[in-house]
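Feature annotations, reproduced from TrEMBL:
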REPEAT    6-93  repeat 'Solcar'
REPEAT    101-213  repeat 'Solcar'
REPEAT    222-311  repeat 'Solcar'
TRANSMEM  12-29  transmembrane segment
TRANSMEM  291-314  transmembrane segment
Amino acid sequence: MADKQISLPAKLINGGIAGLIGVTCVFPIDLAKTRLQNQQNGQRMYTSMSDCLIKTIRSEGYFGMYRGAAVNLTLVTPEKAIKLAANDFFRHHLSKDGKKLTLLREMLAGCGAGTCQVIVTTPMEMLKIQLQDAGRIAAQKKLMAAQAQLSSSSAVGSAEPAVERRTTATQITRELLRSKGIAGLYKGLGATLLRDVPFSIVYFPLFANLNKLGQKDPNVKAPFYVSFLSGCVAGSTAAVAVNPCDVIKTRLQSLQRGVNEDTYSGILDCTKKIWQKEGPMAFLKGAYCRALVIAPLFGIAQVVYFIGIAEFLLDMLPKHRA
């Protein structure tokens with residue numbers, strides 16, 4: 001990343017601030033991505049991202065688009081902080097006497113960052129997906145009940161459709177810990193690694209090299225707009241490249257299924273069933289949503305990280321003490 005060495009607390013604060021800003025801006029698109037990826041060829045509720053968001057607002061209200069946002073806002077700070085700081089750590093230790101890193105070493109640094117971040121990413125995604133997809137499953141059940149009611153000529157006095165019981169991240173966490181222990185929160189760990197390690201291998205070297213194109217002097221940071229655009233391009237490219245792994249991860253981590261939807265025993269079983277029943281294009285479900293989420297998320301992250309908000313805040317502390 002930047003040549004200037006930044007203290008670890010500053011890296012963690014910068015990463016956290018970047019994550020909070022980014023998630024707040026793009027969370028509704030991420031919700032649409034999860035719902036599009038999870039719907040199978042049985043009962044399809046949504047045809048596109050815009051259709052998903054419109055139907056979500058109509059059935060769940062405006063704040064329905066932010067279901068699961070609290071989990072992300074809570075855990076994205078350590079997640080992004082670990083990811084960005086770990087990449088800097090590995091780049092620093094892989095460099096020889098401050099010389100430019102080779103592409104292979106840049107990829108190794110990204111691999112290390114992606115591996116470290118899953119400590120937080122896996123439980124965060126696990127909880128977020130349950131909350132995000134709950135509205136889709138509830139809407140599907142209501143639609144099926146309404147269709148059954150209409151098709152039944154003797155539907156006089158038929159039962160009303162069940163009202164959705166909203167669960168919280170805390171309730172899901174307690175139930176998983178009670179029934180499966182800590183392993184319950186880390187369901188889909190292998191699929192998360194399969195997504196995040198290749199993502200980081202692609203993203204960090206691509207960002208570093210794109211960002212260097214905007215540096216007039218190797219010892220001076222690139223302008224903020226260059227860092228933003230570099231983060232957007234690198235993020236969206238890496239996001240689309242690993243989207244098949246993201247589809248598999250989302251399916252494996254979903255605890256609840258819609259009507260007539262498959263269950264999966266592992267990565268290979270999930271891959272096989274998606275390929276056979278939905279075709280290869282199913283692995284690109286939500287790809288443009290993911291690109292729209294990741295591009296500004298990492299663009300904002302890199303701007304905050306490179307501007308160095310944390311350095312300014314930490315420099316102010318001694319002055320106030322004095």
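Note that Cβ sites are derived from N, Cα and C of the backbone, with glycine treated the same way.
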Within the repeat 'Solcar' (101-213), residues counted as helix, strand or coil by DSSP: 89 helix, 0 strand, 24 coil
Number of helical, extended and coil residues in the repeat 'Solcar' (6-93), per DSSP: 73 helix, 0 strand, 15 coil
Taken over the repeat 'Solcar' (6-93), the model's mean pLDDT: 84
For the repeat 'Solcar' (222-311), the number of residues DSSP places in helix, strand and coil: 70 helix, 0 strand, 20 coil
